[in-house]
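J.: Annotation comment: TrEMBL describes B:12-31, B:43-61, B:73-91, B:103-126, B:159-179, B:191-208, B:214-236 as transmembrane segment.
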Amino acid sequence: MPLIMGMSVLLACQFAGELVARGLTLPIPGPVIGMVILLVALMTLGKVPSSLRMTGEGLLRYLTLLFVPAGVGLMVHFELIGADLWPIVVTLVASTAVTLGVTAWVLARLQAGHARRSGRPGGKA
Amino acid sequence: MNVATLDQLWVYLSGNPLLSLLVTLLVFVLAVRINRAVGGTPLLHPVTLSIAMLIALLLVVDMDYPTYFEGAQFIHFLLGPATVALAIPLYDHRERVRRLLWPLLLACGAGIVTAVASTLGVAMLLGARTETLLSLAPRSVTSPIAMGIAEQIGGIPSLAAGLVLLTGSVGCALGPWIFRLLRIKDPVVQGFTLGLAAHGFGTAHAFARLGAVAGAFSGLAMGLTGLLTAFLLPLITRLFGFG
């Protein structure tokens, strides 16, 4: 039964998350709040039950597959995207590249500085 | 023995969720094989490849998206519990997260401001329409949050969702090049950056390619970016003179 137990815990957290999101009309999706709820629960408990670990890590291993159905939904937007095709394509590529670069650079710098200050060897661990 | 004609069979099958569910799984397996066969290049990411093949297939057999989704929703549904499950790797690496809390928060803020400002800047320069512009703005946030934000600032929610998906595939394709260019090898930095710039796509990519540590920080970045962008974006768009 470990699979059923694990799945129940995940769904219960998502359910609680949805209730909080709807109840307080937050602009945050229920599963994200569910993730916070589960994290708090795990910290209180002090360990990850093996049934939950089995189910959760199984799901995460196939996370890429789970995006496919939503991605196919792009076909519905062809017309809207076509109306502004080049600005959209150039913006997506240029801005994503800059965002990746800036974030990675800032974090690498800050992390190196942080590690130096706290006397730990920087970067990799 | 009566044999049903082919089009009768097709009418039955195409109205049945079983077909699109099976096709989605098979196409994904094929996409993973193709990706492996060409040396695992992120340009032909299994997800991007599956999506392209499925769209082409649906256009060829003339099946509309809602019909397809009736079957595929069973896969889509698992995204919810999978997002919740991100708490597990985060818990495993909680010490590291606590130690790096401030660098992570600052990098997240810098990343969000860069993403939104460069998006609006480039799109304005190229003369995109205002609705497109405002639908592009939340593109590095996971789609449910992005749709809410787009609506709030005056974009088109469904277009925003589509652009979020495109951003995800572009981010996964560009990521490895940018990391090589900046000589970044740390899985923590790589994962966090992918999660920030390419949301769930980036997180899935980090888990599949870079391991559990990168995946955990990627999930953290995805959650943080979603939360912070919801607050920051309306302010930034106002700075650019919208709304």
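Don't overthink the numbers, they just go from 1 along the chain as shown.
Cβ coordinates are placed from backbone N, Cα and C, and glycine is handled just like the others.
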J.: Please identify the stretch among B:12-31, B:43-61, B:73-91, B:191-208, B:214-236 with the greatest number of Cβ pairs below 8 Å relative to the transmembrane segment (B:159-179).
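T.: By the under-8 Å Cβ criterion, the transmembrane segment (B:159-179) pairs most with B:191-208.
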J.: Would you mind listing the long-range same-chain contacts of the transmembrane segment (B:73-91), meaning Cβ under 8 Å and 6+ residues beyond its ends?
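T.: 17, 21, 24-25, 97, 200, 203, 212-213, 215-216, 219-220, 222-223.
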J.: Determine which residues of the chain contact the transmembrane segment (B:214-236) at the Cβ level, with the cut-off under 8 Å and only residues 6 or more beyond its ends counted.
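T.: Distal contacts: 86, 89-90, 92-93, 97, 104-105, 108-109, 111-113, 116-117, 120, 137-138, 140-142, 145, 148-149, 152-153, 187-188, 190-196, 199-200, 202-203, 205-207, 243.
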J.: Taking residues 6+ outside the transmembrane segment (B:191-208), which of them lie with a CB under 8 Å of any CB in it?
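T.: Answer is 42, 45, 47, 79, 83, 86, 104, 107-108, 111-112, 115, 140-143, 164-165, 167-172, 175, 179, 184, 214-222, 224-226.
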